[in-house]
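Q: Take a look at this one; I'll ask things after.
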Amino acid sequence: MKKISILGVTGSIGTQALDILRKDEENFKLVAVSSHSSVNKLLDIVDEFNPSYAVLTERNAYLKFKDHCSNKNLDTKILFGIDGLNTIVALPDIDMVLTSVVGMVGLVPTIKAIESGKDIALANKETLVVGGELVTKLAKKNKVKIFPVDSEHSAIFQCIKGNNFQDIEKLYLTASGGPFRGRTREQLFNVTVKEALNHPSWRMGKKLTIDSATLMNKGLEVIEAHFLFDMPYEKIKVVIHPESIVHSMVEYNDGSIMAQLSSTDMRLPIQYALNYAKRREALVNRLDFYNMKNLSFEKPDIDTFKPLKLAYDAGKIGGTMPAILNCANEAAVELFLFNKIKFLDISYILEECMNKFTCSNTYTIEDLLHIEIKVKKYVKDKFSK
């Protein structure tokens, strides 16, 4: 039986992971969970799965949750904040940590888990975007496996299995194009938050959905793929694929291209990561090729959706530049969600921060955390209306 901690259990990835655990309860034990502030959802999860530990990272939610649990006389130990996260990823009786929190909050707990020798099911792309060099070196040192949960990276992971890595010519990351595919820059000037959150294919949290609308999500995935698969940026390509059926592709030196196809259901890549290297019957709907009308592919419009180009630029610069880009994006997306800036302001803010802040080729975890504070403060102070 595999014993698991889930960071971000009340979010989109976390709740879908629970579906897998329910279906396969003989093979999994949920030992610890975390949520930022979703008290009621977490109470239901604790009631159902009876984990040994639960963490909340927002103080009022933590106090409220603790009060509810004391009234219920639950056995679950309740912890708070980053210290709580660092505790539940390093528990001696867990085998794997699913990191499905959004943003840089996932970086330090993931590092703590790796230092403790726990395998990682990685849904927090910021961990590799911001600290990829440190994280991958640490994983090798501690002989820890990192299994990608993003559908695109899971697809690539599956397509390279059993093949010679040296034979890989290109990686193709597919993207739906988001809700604004085909629009001009002028047509995006006054788009609303509601429009940006209307993703055509995937069910995700708000931050990831906005990132998909700007194509920043794909840019972050390019950087993530660079570190996950040790692949030069020149060999990582993005292809717009509106049907979201082909989740990514790998081209080999003989011209052969291997692709992974499935329905748009995140439970499949989550299940593959949790069960690796076994395949089990999945909860997802099967593809029906006889009713599949079209598979189309097109080049991304990086002039209109500039964050994708900026992500490539940041990745190629290296050092702390991806961290600067990521932190600027987190701050800008938050401002957009609260109607403080316009949609196109996001790319302007990213570019300004990349030009303003000095990039360093050598850095520590503490340096990255300092960058987060500095960049986010700058964006908030300068661009909040």
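For all residues, glycine too, the Cβ spot is worked out from N, Cα and C.
For reference, Swiss-Prot lists these features for the protein:
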BINDING   Thr10, Gly11, Ser12, Ile13, Asn124, Glu126, Gly205  NADPH binding site
BINDING   Lys125, Ser151, Glu152, Ser176, His199, Ser212, Asn217, Lys218, Glu221  1-deoxy-D-xylulose 5-phosphate binding site
BINDING   Asp150, Glu152, Glu221  Mn(2+) binding site
Q: When you measure from the Cβ of Asn217 (1-deoxy-D-xylulose 5-phosphate binding site), how many other Cβ atoms are you left with inside 10 Å?
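A: Cβ-Cβ neighbours of Asn217 (1-deoxy-D-xylulose 5-phosphate binding site) within 10 Å number 26.
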Q: Mind telling me which of the binding-site residues Thr10, Ser12, Asn124 has the densest Cβ neighbourhood, counting other Cβ atoms within 10 Å?
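A: Of the binding-site residues Thr10, Ser12, Asn124, the most buried by Cβ count within 10 Å is Asn124.
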Q: Count the other Cβ atoms sitting within 10 Å of the Cβ of Glu152 (1-deoxy-D-xylulose 5-phosphate binding site), across every protein chain shown.
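A: The answer is 26 other Cβ atoms.
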Q: Helix, strand or coil by DSSP: which one applies to Gly205 (NADPH binding site)?
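A: Note: Gly205 (NADPH binding site) is coil by DSSP, not helix or strand.
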Q: If you count other CB atoms within 10 A of each CB, which of Gly11, Gly205 wins among these binding-site residues?
A: Gly11
Q: Restricting the comparison to the binding-site residues Thr10, Gly11, Ser12, Glu126, Asp150, which residue's C-alpha is spatially nearest the C-alpha of His199 (1-deoxy-D-xylulose 5-phosphate binding site)?
A: Ser12
Q: At the Cα level, what's the spacing in Å between Ile13 (NADPH binding site) and Asn217 (1-deoxy-D-xylulose 5-phosphate binding site), rounded?
A: 16
